[in-house]
């Protein structure tokens, strides 16, 4: 960790160790960080304390260590679209009721690419068949899978458009119950999903593989992977085999293949917080009365992940508005200070006995944010994190 980042961590240490994990980098901290980086002397905690601080931050994100993804790590467009949809960004994809249902029961979405070295299966007449194995060992044991889908890309074929025709294929997805053996070159399989598709458009096809993934993760069954079978219903084999992209073309570069290669997506819940939801801009509940400048209220605070050197593994957002609470809780407590009965009594006692502390200005309402990041295994994860944004402050 570079010296500048350690200076920043030292400035942020009190906020996290004292439980104020809603924000990381206040404007004051930015100025101090700039000064510390330019050589101004400042007291710094020990390396052990800084390491403990970073571990606490990572623990808050459910990580055991800081991810260090390679430059070749790929973020599937599907996951980026999913993030935009659930973060409510302008220009996000149109609503997808199937995805909304899946996300309504999950707070974590994970994506997996298959291991290409295990693709080949014997060809059969009129069919293209591949075995796909996805390593799901990075899914935490406490995460319950609520649904899973296999994404397969199909390309629009110019022959179909030029002839105003529609060549059809049937895509069958099987779970491998028992792998092929020396005595049997074909594995024992169970049909999971099937669909009839044509060549008139380029799009992703989604197949429900929830039963298989739940057996592997929740019931302890062995994961032998899937068989994807494309049945060519027309005779033009040379064209149709290139239509459904279940394997990489001979001269296709790594980047273009990474954008359309098959993808397994799991939706799960770790029992913490609420499911993913589309974040909408909140409206003010009521007009705020004129307050004293020093009274308890919400203040701006922007968290920039690049300031702590985490922008290499956090894909989106680059930062977020966390806000923080600060200000006086004077006697008598006004209605707009959103106080509890206990805070009112405590403030009353403080007015006659200074040994009793005043009520504190703290967050009274918090909301979640969605984060898209690369985990320790370079798997792309979309997760909902609770209590990250201060929505309201009060005296408590």
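Each residue's number is its place along the chain shown, starting with 1.
Here the Cβ of each residue, glycine as well, is placed from N, Cα and C on the backbone.
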Q) Of 84-121, 122-159, 160-197, which range does Swiss-Prot call region 'Disordered'? A) 84-121
Q) Swiss-Prot lists region 'Disordered' for one of the ranges 248-270, 271-293, 294-316, 317-339; which is that range? A) 271-293
Q.
Using Cβ atoms only, which residues of the same chain lie under 8 Å from residue 135 (N-linked glycosylation site) while being at least 6 residues apart in sequence?
A. 112, 115
Q. How many neighbouring Cβ atoms, not counting its own, are there within 10 Å of the Cβ of residue 329 (disulfide bond)?
A. 24
Q) By CA distance, which of the recorded positions (87, 329, 361, 395) lies nearest to residue 338 (N-linked glycosylation site)? A) 395
